[in-house]
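**Q** Below is the structure I would like to discuss, written out as structure tokens.
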């Protein structure tokens, strides 16, 4: 991986002196870590006065653990066998399982930066890396953005090791491969590619690695840094990688042949490839009865269209096609719009913008006053605006329903795309009526038809059609019917379960006989 | 290269055939054939499929090569280039006519004071955007909307069934005149014969040997749907009134009252039709761009998509000025021009067969 081989940028310090003496090497390390208040150089001797030094960063390295399991035993051993000249690397003297021996001083600096301790010894070129990383991490909590009623509650956290463990705990298979890469010249962010060998197509693994290989950046502070760089069409408003904070969602995706990208210091895991219909699936779908899950999926489809089209239809119908509205309804809409001085397009645009502002404000402001802002914004200003004749009551209903509809979409980014596209659709509806809406729909539709996520068509399995995968797209088939994995899984390894798992139902009567 | 499935081909051709026929052409058919319209449609569909059969047979002889490239080996470069250009011009005219009908239809009923250029411009943008991504974009777009389009077209006869005047059905059952049916059959066959343009996209087709089966399926679905619309028109308006309406299908839609929820659903249904018509026009633009690209030995159709679409859009603004002119054009020689362009593959097939027979004979003589 090219990204991993890039050397750490640093102050202009020369190479480490090619000597086995400890002092000049220690000086070099001190020079490299100059003005680093938290760098610790702990010197001690073992055996017959053999000097050693342990280098680490305070607050990142578990010094107590190292002291208890490494330094104390070594010092105790030294006092018992003072005449013995042996060093740390002569035999298997380190009473620890997870140690790495390196001989590259630059690599040693990297290891120190990652929170490891590095042990140097006089007359020894090799260095011992002690991976006793210890820093404060957030405890496992419930997924705040993807909560479910019946499913597991655990969510990913910022620690990469913890996240990987959450995945391993669910997929206990040696076929679950986890490849580590590093990105960010300064941040040295660890990234893990997790996939199920044999199920995830090799083409996909190669493609993900190929795209990641081009990344040269100073720092990676979140998965979205990588997402924007590796997605197929960066100028599309639609998300082309899925993100989730749920380990069960990642596990299910990996089992279906997708690849997960875990980035250190972020609880959001990226999943590739993704299709439009995957983003309308929720983890809850697989924990609820399939009939309810299918019904809810259909509700999502309906409200997805609503979130995009309802204000546009309102504008088009009231402006261009009032004959579509039943007479009584027409009277009430017209009477409510009578005092409004703006055309429907302007009215809708104002209200939608106000709603977006309210939504953004409710996310950003402190929680203690968030509720007050929502109440003031939604109720007081809304009612006052209607009474003042600035907007019609019908428009308030339309905007509210649209707002609710946009939050029904399980994937936040997809909802955001639709909220964004609602505005050009409203403009088209205001200019050309339903004809404008049809034009807008075809432009969005053609865009989606041609959009790809890592070579997978965005609208698959509807177009291009993959009939077998429709069972988990337009509806959620019962588990005993989902015999094969979706279309993105490796062609040769798509069998998910045996046939006729409910054979007991037909044999029950026979047993009775 | 082989990226278009037979299912996609079936769906695109079905949309291609029934979308404009139902939306725009039923009035002229009523005018020409009255009660014999359904008979004309059935005969025309069969004739059109027959024409497409020869294109299929010719394409199957070299399924991996583009017709524009190998055609010169059959009839010679000096004849091949004008013939292929003739097909491109015919497609341009088909595109312009459909574009004009679309604008006229929208301006008459929904966008009364909107300037035609604005409608043409917006339609052009949609079509060019569909085609610029290539053959997959057109076929996948058709695949995705096929079901919705089909359902919307099926819904209308069901929703208007309450208004049927069943006594008119007697006329439908007793009036059989092949002579009266012929103008409709001629008209319909020129539309169904457009399937012969499949010849241009053979290298894109997966399982090309199943092409004729797909085309037959498209023909059956499209003919059945057109019949499902022309028969209700006859049963509700009768042949006289229906033939005097520019867009009888629209009047049929307005006849449909969908209860208390919405007074008429016609703008919503027309929005769905528009998407089908855009896909059809997209296919036409793609064929023209493909012909031009191959004649100029370019690999990609993209450079031609925007100019061709712009040409069609601007052409549609000037090709006819009124509905009367349009009627004259359609009942005049234009249909024959379309017909002739669709018969060209038969000429190639015959010449190619004669050449093959001659080569075989010559080989036999040498042996």
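Note that Cβ sites are derived from N, Cα and C of the backbone, with glycine treated the same way.
Note that the structure is predicted; figures quoted are calculated from it, not measured.
Among the features that TrEMBL reports, transmembrane segment is placed at B:12-31, B:37-58, B:78-100, B:106-129, B:141-160, B:185-205, B:217-237, B:270-292, B:304-324, B:330-351.
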**Q** With pairs closer than 6 in sequence left out, are the transmembrane segment (B:106-129) and the transmembrane segment (B:330-351) joined by 3 or more CB pairs under 8 Å?
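**A** Answer no, regions not in contact.
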**Q** Who are the chain neighbours of the transmembrane segment (B:78-100) in space, where the CB to CB distance is under 8 Å and they lie at least 6 residues beyond its ends?
**A** 20, 24, 67-68, 71-72, 120, 123, 194, 197, 277, 280-281, 284-285, 287-288, 291-292, 295, 308, 311-313, 315-316, 319-320, 326, 329-330, 334, 337-338, 340-342, 344, 347
**Q** Which listed stretch (B:106-129, B:141-160, B:304-324) has the most C-beta pairs under 8 A with the transmembrane segment (B:217-237)?
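**A** Stretch with the highest Cβ contact count: B:141-160.
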**Q** Give the one range among B:12-31, B:37-58, B:106-129, B:185-205, B:270-292 whose Cβ atoms make the most pairs under 8 Å with those of the transmembrane segment (B:304-324).
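**A** That would be B:106-129.
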**Q** Same chain, outside the transmembrane segment (B:141-160) by at least 6, Cβ under 8 Å from its Cβ: which residues?
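**A** Distant contacts of the transmembrane segment (B:141-160): 7-8, 11-12, 14-16, 18-19, 22, 130, 221, 225, 228-229, 231-232, 236, 249, 252-253, 255-256, 258, 269, 272-273, 275-276, 279, 282-283.
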**Q** Is the transmembrane segment (B:12-31) close to the transmembrane segment (B:270-292), in the sense of at least 3 CB pairs under 8 angstroms with a sequence gap of 6 or more?
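**A** Answer yes: the transmembrane segment (B:270-292) meets the transmembrane segment (B:12-31) with 3 or more Cβ pairs below 8 Å.
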**Q** So are the transmembrane segment (B:12-31) and the transmembrane segment (B:106-129) touching or not, going by 3+ C-beta pairs under 8 A with a sequence gap of 6 or more?
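**A** As far as Cβ distances go (cut-off 8 Å, pairs 6 or more apart), the transmembrane segment (B:12-31) and the transmembrane segment (B:106-129) do not touch.
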**Q** Checking distant contacts: for the transmembrane segment (B:185-205), what same-chain residues at least six beyond its ends satisfy Cβ-Cβ under 8 A?
**A** 1-4, 6, 9, 13, 16-17, 20-21, 25, 28-29, 32, 39-41, 43-45, 47-49, 51-52, 54-56, 58-60, 62-68, 87, 91, 94, 135, 211, 215, 218-219, 222-223, 226, 287, 290-291, 330, 335, 338-339, 342-343, 345
